[in-house]
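Taken straight from TrEMBL:
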type	residues	note
DOMAIN	9-331	domain 'Acyltransferase 3'
TRANSMEM	12-28	transmembrane segment
TRANSMEM	34-54	transmembrane segment
TRANSMEM	75-95	transmembrane segment
TRANSMEM	139-158	transmembrane segment
TRANSMEM	170-187	transmembrane segment
TRANSMEM	193-213	transmembrane segment
TRANSMEM	222-240	transmembrane segment
TRANSMEM	246-266	transmembrane segment
TRANSMEM	278-296	transmembrane segment
TRANSMEM	316-334	transmembrane segment
TRANSMEM	346-368	transmembrane segment
DOMAIN	400-650	domain 'SGNH'
Amino acid sequence: MLGMKYRPDVDGLRAVAILFVLFFHSGLKLFPSGFVGVDLFFVISGFLITSIIHESIQNNHFSFIEFYNRRLWRLQPVFICLLVVVTLLALLFYLPDDLVQYAKSARKTSIFTSNSYFSRVTTGYFAADSNQLPLLHTWSLSIEWQCYFILPVVIYLLNKGVAKRHLSKIIFGLTLLFLALALYFSTHNAAKTYYQFSSRIFEFLIGSCVALIPRQIPLNKIVLNLINLLALLALFYVATRTHISFGFPNGYALLLCVAAGTLIATGNHPQSLVTKCLATKPLVFIGLISYSLYIWHWPVFAFIHYLGIENTNRTIFIALLVSLILAYLSWRFIEKPARKLNHLKFGYTLIFLLALPIGLMHLNSVLIKNYSGFPHRFSNEVVNVFEQLKQYDVIQREKCLGKHSVDINSYCTFGAKNPNSKTSLMIGDSFSNHSWRFIDTLAKEANVSVLAQATPGCLALPGIYLYDWSTHKNTVYHECHQETKRYYDMIKANHYDFVIIGQSWGGYLGTNVINRLNDERSVPLTKKRIKIALDKALHTITDSGSIPVIIKATASSTSNLRDCFFKHVKQRKKYHPEQCDFNLQTEVDPWLDSLFLKMQKKYSQLIIIDPRKVQCTNGRCRADINGVPVFRDVAHITDYASYQFAKLYLQQYKNPLII
């Protein structure tokens, strides 16, 4: 296979891309949207792949085996080192449950499907829960390989099947088609579009379009430099914008990719000042090590976040320095030598660079899962914590939150299960769901059967919508409204003895509650609408013959208390409980307390359960109970804590479900 002429300006553009990404991931505010550097890489890849394949076909030298042999030896050696090193570090530092999840992500990463995996298991690429995942950045490598599996075949078939003069027109048409698809997803599937291969195809194809146009477009020197300057400014304009991530790739991605394509298309002009700048030695060097820098920088930051190391300027500087050193060593001693091995037989390449790492990552995942994340890597005290958490873990709870893949009537029922048991329905959001053990303990003593239904981030009150809420930007959270309607239809039809509503009540007191589209939004209007909706809910419940029960939200902190608790474990330090205890936040409580009291006066049957009575003492709330963490994330409590709070509640108060 023939190689194309080396373009130092393309390496310079790679440098711009990796610097965008590097500064973004470091947390520095220089490029608030520096994640767009990945989109630059996609355009460059599309250009290079298409150029190499098209020229080789034109010269009758193209070979799929040689193409994939070169690609594998170009990318896989460093990639395999990443998997090995990160796995060893995960075995050293990761908590058992986290290690199980890491091993699964490594398995998915090894088969180039990590983009789909992270789309399912994270709330989003930009979410706070994503910055501790050391392989998160491999989503882009998975998309790159997915492109390698498809684009060469398409280009080959088009080269063989259509006249040369039609090839660029077809590629351009495909670019427009997939651009339209990406823009559609950016508004109709905004929360998941970031990771989708189908949303990124147009970026590769823009690079392909550039590869198929004439190598030098005749342009006046002034016009050429003006176009290039505007294109370069467009890159920095997009990278320095804020709040463009929702629904990305979107119009900003199009602007960035067209600008990148313009710089590549005009890069052969010797009179281009921008091209000369991109071809300077410092930028070219960074471009040469950009792949290794991309591979290694994210795990460095991810482990810093995971270990709870404070993200100071000093920490960021050290992390950037370590990333650069690792990148240089990786490029010098892995990337460069590995490229010389691309002459090996393809069968050996498949064994060493695909079959072995895939097999090892799958075996690693199976072993770690079967041995529950190897908890005995830690002290006996810590092992006991994990055993307590596992013992009280409710497996079915998670499957009863959100869309159901199980028979909810049998799978999501708990409490007493006697033929003469009273019946109840528990609805709400994830705070209702995390109260499973608490209500289960009370219900068993009171001989009450509980059917649990919950929708994440959903205020389960009738007659309202959540608008511009969480990932539902500029739209209504339809699933919440539909599920809430279903709940109240069930209440009317089944005449339960109790209907229990559990919510993160204070979490909905922003400006997102409306009655209909185009309603004016404000905090006072939200409170008014919630008051009316709660009144309507209680009226529906009591009218059906049920007794309404409200569970107040557990106390929570603004910081991740699970991380606070386990920080000492990860760093092999002694834990001091007072380090993680926190003050009860009361700023929204007066209004909610007043609302609940008013409703209790109107509906005398209304039962109010407040778990904070046993969670907090004199305004100070515990982060652990019996040496076991209360929280499993920022706000949700563990099943162990849910059970222990119920026991404490029954010791101090009468069981409210015994009527």
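Including glycine, each Cβ sits where the backbone N, Cα and C put it.
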Criterion met for the transmembrane segment (139-158) and the transmembrane segment (193-213) (at least three Cβ pairs under 8 Å) = yes
Remark   = Stretch winning on C-beta pairs under 8 A with the transmembrane segment (75-95) (pool: 34-54, 170-187, 193-213, 278-296) is 278-296
Ask   = Per-residue pLDDT averaged over the domain 'SGNH' (400-650) comes to what?
value = 90
Ask   = Short question: which residues 6 or more past the ends of the transmembrane segment (346-368) have a Cβ under 8 Å from it?
value = 65, 68-69, 72-73, 76-77, 80, 83, 87, 99-100, 103-104, 106-107, 109-111, 374
